[in-house]
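**Student:** I have a structure here, written as structure tokens, and I will follow up with some questions on it.
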Amino acid sequence: MRIVFTKDYEEMSLHAAKIVAGQLYLKPNSVLGLATGSTPLAMYRELIRMNRENGLDFSETVTFNLDEYIGLGQEDENSYYYYMYHNFFNHINIRQSNIHIPSGLPENVEEECQKYDDLIAQSGGIDLQILGIGQNGHIGFNEPDIKFEATTHMVKLDDDTIKANARFFATVEEVPIHALSMGIKTIMHARKILLLANGAAKAEALFRTLYGGITPETPASILQLHQDVTVIVEEEAARLLRRNLNDRTSIGCTA
Ligand SMILES: N[C@@H]1[C@@H](O)[C@H](O)[C@@H](COP(=O)(O)O)O[C@@H]1O
């Protein structure tokens with residue numbers, strides 16, 4: 001596991017965008033696993049800039065998003081579908097047919113989950129998975145639990161997650177209580193994983209993820225077992241890590 005310490009959100013995002021760009025230069029038809037939330041926003045902005053100004057090509061890129069709220073349609077501004085098109089896909093030269101996001105309005109939840117897993121498998125699996133982390137240590141919407149859920153599944157969101165994500169909605173009551181999420185096995189099968197974390201609210205979850213026991217109570221802790229994870233972390237989120245690494249504060253430090 002590599003840990004890259006960056007001084008702020010912008011530097012974290014730039015570093016992440018460069019890794020994604022490097023992946024696409026090496027393999028233009030890469031399968032990317034994509035995350036939503038506030039964390040990757042500036043990374044998407046930088047990738048859009050690279051697409052426009054540096055010829056970064058998405059024409060062969062295939063994407064699978066981690067999750068979607070149940071009950072929100074594509075036109076709902078709080079759906080992850082809307083987020084992805086608004087913040088990324090509408091601004092790059094990606095093919096619509098190469099974009100995959102779980103449906104927020106599935107007719108049959110089990111079938112939708114199975115279909116999503118089948119599509120990922122048919123695409124050859126994920127080459128590079130981008131992850132944010134929830135304040136409770138979730139990845140995608142894999143919430144703390146007594147077991148790891150392997151494949152795409154329906155989740156009942158934790159109260160903590162609902163509260164944390166309420167900032168995007170007019171009222172906390174509007175936050176959906178269920179979501180579909182890619183499972184831990186699929187995430188762990190990604191060839192490379194990029195975990196981004198910024199802000200003091202993530203410090204404790206990140207510390208438990210990297211240095212705590214591997215437990216479904218901190219879903220992201222399973223990443224300790226993956227052979228190619230890069231964690232890009234900004235100062236505030238790194239607060240507890242730095243203490244653990246005897247204050248190795250240099251940018252680009254690898255642990
Ligand atoms: N399901 C998403 C995750 O994919 C995201 O990584 C995480 C952190 O969100 P944020 O980046 O807004 O802090 O929580 C959300 O609920």
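Note that the numbers count up from 1, one per residue, in the order the chain is shown.
Yeah, the Cβs are placed from backbone N, Cα and C, and that goes for glycine too.
Under the heading domain 'Glucosamine/galactosamine-6-phosphate isomerase', TrEMBL lists 31-229. TrEMBL lists Asp67, His138 with the feature active site, proton acceptor. Summarising the annotation, TrEMBL assigns active site, for ring-opening step to Asn136, Glu143.
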**Student:** Across all chains shown, how many C-beta atoms besides its own are within 10 angstroms of the C-beta of Asn136 (active site, for ring-opening step)?
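**Tutor:** I get 19 for this one.
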**Student:** On the 0 to 100 pLDDT scale, where does the domain 'Glucosamine/galactosamine-6-phosphate isomerase' (31-229) sit on average?
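**Tutor:** Looking only at the domain 'Glucosamine/galactosamine-6-phosphate isomerase' (31-229), pLDDT averages out to 97.
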**Student:** What whole-number Å value do you get for the CA-CA distance of Asp67 (active site, proton acceptor) and Asn136 (active site, for ring-opening step)?
**Tutor:** 17
**Student:** To the nearest Å, how far is the Cα of Glu143 (active site, for ring-opening step) from the Cα of Asn136 (active site, for ring-opening step)?
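**Tutor:** Each residue's Cα considered, Glu143 (active site, for ring-opening step) and Asn136 (active site, for ring-opening step) end up 8 Å apart.
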**Student:** For Glu143 (active site, for ring-opening step), just count the other CB atoms lying within 10 A of its CB, please.
**Tutor:** 22
**Student:** Any same-chain residues 6+ apart from His138 (active site, proton acceptor) with CB under 8 Å of its CB? Would you list them in sequence order, or say none?
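**Tutor:** In sequence order, Pro144, Asp158, Thr161, Pro219, Ala220 meet the Cβ cut-off.
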**Student:** What's the number of neighbouring CB atoms sitting within 10 A of the CB on Asp67 (active site, proton acceptor)?
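**Tutor:** Summing over all protein chains shown, Asp67 (active site, proton acceptor) has 23 other Cβ atoms within 10 Å.
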